Amino acid sequence: MIKYLIHKPVSVLMSFLAILLLAVFSIRQIAITLLPDIDIPTISIIATYPDHSAAEIEQSVMAPLRQNIQQVGGIDRLESKASDEQGRLTVHFPYGKDIDLAFIEVNEKLDRAINSLPDDMDRPVVVKTKASDIPTVYLTMRYQDSLQSGSQMDLSKFASKTVRRRLEQLPSVAMADITGTISSHIRLIPRENRLEALGITHQDVQQAIERANMTLGNILVRERQYEYRIRIGRPLHSLDGLKNTPLKIRDQVVLIRDLADVSLAETEPQGRFLDRALPAFNMALFKDFSARMNTFEAETEATLTDLRENHPDILFYLNRDQARLLDLSISGMETALWLGCLLATLIVFFFYRDRRIPVIVGLVTPLSLAISVLFLYLAGLSVNIISLSGIILGIGMMIDNGIIILDNIVQESLSGSSSEQACIRGTNEMILPLLASMLTTCAVFLPLIFLSDLAGALFYDQAIAVSICLGVSYLVSIVFIPVIYFRLFRTKPIRRNDGKRKENWIRRGYESGFHFTFDRGASILILVLLVLGGGYLSYHQLHKETMPALPRQSFQVDIQWNEPFTLDRMANGLNRLYDDMDAKTDDFQAYIGPQQFVLNDHYHLDGESASLYVSFADPAQKEIIEDQVHSWFSTHYPKATISISPDKDIFEIIFPGEAQADYIAFYHNQITDEEALKAHQSLKVAWASHSDGDDHSDPVHILSDPATAEVVVLKTRDLEMLRYGVSKGYALEVITQHLGQVQLDEIKQLDRDVPIVLTAAQDGVDQLFSDLQVLNNQNQLVPLDQFFYTSTRQRMKYIYADQRGPYIPEVISSADLSSVPAAIAQRKKTHSTENFRLFSPQLKSQQLMREIGIAILVSMALLYLIVAAQFESLLTPLIILLEIPVSLAGALIALWLAGISLNAMALIGMVVTIGIIINDSIIKIDTINRLHQSGVALKEAIHRGGQKRLYPIIMTSLTTMLAMTPYLLGSGFGVALQKPLAVALIGSMFVGTLVSLFFIPKLYYWMVR
């Protein structure tokens, strides 16, 4: 085939140009996203029930929902969390579940459960999520300064009605999720003296408004051949219409405006968003998955530029841009591509001193990369940070394949063959060895796609990307390189004396190492064992973590005030904190109380909590600012509980395990909050002090108590009510009207419904009981404090539950995990009604590591089978596979010496090294076998085979290691992310290259002889 192709250069080049044209088109069309389009097997049901406590929502909303939703097939886990005025039910499915079908099933079960829910409650919202459902960027809107004359209501309407709609109309924007908006209502403040004088009650006012706002719909009337639709009733449409609503009392007609002060007012918000201590609006923008990131950025920036020009008094700015990570990945790919091509070109020129050879190497890698993107597009994959990591890994292997083919052709030319014969023989010799090496590298990655949960789905994109890059570079190397080489060297072959200067020290060094290895075999074996021992010790000394510690320029502060503060009090406190930190921060944004986001799980706050986003220019300031935040809260709000964590970027969302605490679900089976809290304290004391009777097991320390809040309980004196003839229902209704707001009706407008709210002129419990009177059945006014009194008690702010029922999450230290089974068993001996269930991200990570271990064993088995099939031998694969632990030990030693943790990036570097090192050994042993089968003595065949493969091994190793050196010297987020990979790869490549050059030949000699 090669003989035919090298004589058809036009056909080959035109074919590659055609494919390259399609590749360029696919590069312009392929989706560029943050993450793969992966359905997270989780569905959330969000229920809102205003003016109800956590216990009421658990009993009347969450419990019926759990009972109905758990009938959905294939549920892995179901959990709910009830807080004041809202509840959230999360349904977890095993990965692989058809989430669209599950979404339909959950909605069907929810429809069945509606009859079990309170009648005055809105239908809960069902939300399914994807891994890509991460806000791409946040948009903040506010007036330029606090002296602007515009109202927040006007700005709220502009943000929600204009800005949000304009952004959502962009093809690249999937959703604009907003918080901080302000709604309005029509407020009626009754003139109580006027009502009492006329004998009018609040119910009379409400009935008059309902009659005026009533409509009976349309009635169809036929008259001969005509039909008419007559609408009966004309509902209220304006504030003036409400003011002029008549009310007839006896023989007198009065208007609502004579009985109450009617005005349009802002609805008191449940939550608030502040930007640099100023009221603002925050919008989370989600990119459409099929859209390209640069298109999203260009469209949003063009829209915001137009808004800034037309509204100079309003500040629009973007922050928390997740595309930064994608940009770093793309820039990393570009760096790897150009640096790899440059180094490969320089190294090849250094070895061969011919300007034509670097040209071939410089063409092969970009061509292979472009065609790889074409196949990614055809496979339905996107360019994201996962597939990009696979492409970056594949670039180095593309260069290696090109160097191996090119070197073999050059060696044939230098041995005296013509350019034609050199291309044919040099390429044909490498077709099967390169195919085997490609398959072995794919065998390392492909078993990882069978990991459970999200990890397997993420590895799928990476494994497919690596496999595509390897397959494309293999085809380009064996087809394109010989054709181009033949055209460039047909008339002027490479000179035999090229590179003589390097012969003096490179080959002399190899010869010395070769003879040392064969003369002192025991010494080289001891050195290998020392490396293995050093790797073992380094592994136990290394800190293990999911991702490397990255330089952060932002963090989040989650605040639990543990006091019943108002929104104004919380806002004032955070504004004081901002005044103290203003000079040190770039962004200071406060989310106070419940937020209006739909998809953003982190900001589902309650009325006594807040969350801060703080950013700064210098990562070195992070610890200083964190310490200042801690000390400020301990000084000004000692009861508050705060936790500081990194901002929720992609890595924090994909790998949340290290930020999550281990906890035990304690099913206490108690009815009241007081009994549940007593059971918690009993458990906490028993496990810490062995009071359950087991003095031989280690204690288990519960680190925190359930969040509680003080509640005022209104109690009645029923006997006094009966004695004075006061209706309990009527008295409670009067209290409700004077303590809060009562919605009477709604005015329906074109784009919204405006509530009509009856508001009392007085508020507060003390004022209520000191001033308010109620009518008895004899129309006499009686003081309210004769029938009601108040008391306080502690209640739980959050009620957690799952299929088994309500529980308290008892947070424990990961150091106590081993003692938990014994502690639970001992507790159940004395408290048989209690149950427990352990949830541990650490144990889940250990399970994932076991799965990875099994996947690696499967990879090794596949490697053995592929190499055995290649060499028709059961012994040769063992020789090659013995190289893997030695090179991995070199990576572990390098990580320990550099003071870097063992993390996912370092593991990726090790996996890449396995592919490269095994490739070198496969090709080297294949060369030795061919020489030995041709009649050359075994030791001489090993010697000559090593000489022949010396330059490709050195060139591929140098290219790979030198391409990683910028990550050892630079600084910043991208460098810190890639540095563990670079150190692991350089360490394992250095040791693996020496092993491939010297130890593997000696081991082959021992075992074959």
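The backbone N, Cα and C atoms fix where each Cβ goes, glycine too.
According to TrEMBL, the transmembrane segment annotation covers 335-352 (among others).
Counting only same-chain residues 6+ beyond the ends of the transmembrane segment (359-379), those with a CB under 8 A from a CB of the stretch are 16, 19-20, 22-24, 26-27, 29-30, 337, 340-341, 344-345, 348, 387, 391, 394-395, 398-399, 402-403, 406, 464-465, 468-469, 471-473, 476-477, 480-481, 484-485, 488. Among the features that TrEMBL reports, transmembrane segment is placed at 359-379 (among others).
Residues of the same chain lying 6 or more positions beyond the ends of the transmembrane segment (385-410) and with a Cβ under 8 Å from any Cβ of it are 34-36, 325-326, 329-330, 332-333, 336-337, 340-341, 344, 348, 352, 357, 360-361, 364-365, 368-369, 372-373, 376, 422-423, 426-427, 429-430, 434, 438, 441, 445, 458, 461-466, 468-470, 472-474, 476-478, 481-482, 485, 494, 650, 908, 912, 915-916, 919, 923, 951-952, 955-956, 959-960, 963. According to TrEMBL, the transmembrane segment annotation covers 385-410 (among others).
Positions annotated as transmembrane segment by TrEMBL: 431-451 (among others).
The transmembrane segment annotation in TrEMBL covers 463-486 (among others).
If one looks beyond the transmembrane segment (522-539) by at least 6 residues along the same chain, the residues whose Cβ comes under 8 Å of a Cβ in the stretch are 516, 885-886, 888-893, 895-896, 902, 991, 995, 998-999, 1002. The transmembrane segment feature in TrEMBL is assigned to 522-539 (among others).
The feature transmembrane segment is assigned by TrEMBL to 852-871 (among others).
Positions annotated as transmembrane segment by TrEMBL: 878-898 (among others).
What TrEMBL records for 904-923 (among others) is transmembrane segment.
Annotation comment: TrEMBL describes 950-969 (among others) as transmembrane segment.
Within the chain carrying the transmembrane segment (981-1000), a Cβ under 8 angstroms from the stretch's Cβ atoms is held by residues 510, 513-514, 516-517, 524, 528, 531, 879-880, 882-883, 886-895, 898, 900, 905-910, 912-913, 916-917, 920-921, 924-925, 946, 950, 953-954, 957, 960-961, 964-965, 967-968, all 6 or more beyond its ends. The annotation transmembrane segment is assigned in TrEMBL to 981-1000 (among others).
Contact between the transmembrane segment (463-486) and the transmembrane segment (431-451) holds: at least three of their C-beta pairs are under 8 Å, each pair 6 or more apart in sequence.
For the transmembrane segment (335-352), the partner stretch with the highest count of Cβ pairs under 8 angstroms, out of 431-451, 878-898, 950-969, is 950-969.
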